[in-house]
């Protein structure tokens, strides 16, 4: 494997990692996590449950006495009647602890946000999916380049395509993450009362989504650098090749041939002697015969 092939293999690894991050973030429900205040249930409704309200029944008490005791307990304890319930939210659903039993209860995130924000939510999901498709296309291009390197695959076109696709994927992902953040903040302020969180923060899915964005930007920068270096090298090779061809068509004549031509060429004194002998009579003693 040559140097270009090794560079393509090294570039394929972060692209695959960015694709895995995006897929994990899209399918998970831990974009935001937090707690919300939930009223403690009565222990008679949840026997054996933790964090419930215990009521002491009198000997002749009935259901009405239990209700009056519950009201008196809530009035006296104030905030102690609440318990902190953890929740986590994603693009598709919101889940929280089920105080009555083990496990979680989930509902659609679309049912939590206001109706006028449904279009923005679907736009964010569409941008996330398009981001994944662009990253997947980049991975396929790099993989094809690595597998067909022996057949003279053109690295310049691969690097140019990967640079464009990854930067578009990164920008789409950034816009999608920002739209989701806006939607969640609107849900916190205008959502239903039985869902509004008391405290919240971003979860690991949100960190994976931004990690995919950072990897896309890094791959794009590396692809541009490889393309620029390869382009300069290719231009330099073409210039050297043209210069060698141009020098082959213009050979300098050797000095030996010039001396031979000087010896073959008649001197000016010889020309004068020949012209003088032509003007003499045929039998003149000074007549120079030219053979």
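The chain as shown is numbered from 1 upward.
Just so you know, glycine gets a Cβ as well, placed from its N, Cα and C.
Automated prediction, rather than curation, is the source of TrEMBL annotations.
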Worksheet item: For which of the residue intervals 96-117, 162-183, 228-249 does TrEMBL record transmembrane segment?
Response: 162-183
Worksheet item: Looking only at residues six or more beyond either end of the transmembrane segment (203-224), which have a C-beta under 8 A from one in the stretch?
Response: 11, 14-15, 17-19, 21-22, 24-25, 28-33, 88, 90, 128, 131, 135, 138, 159-160, 162-163, 166-167, 169-170, 173-174, 176-177
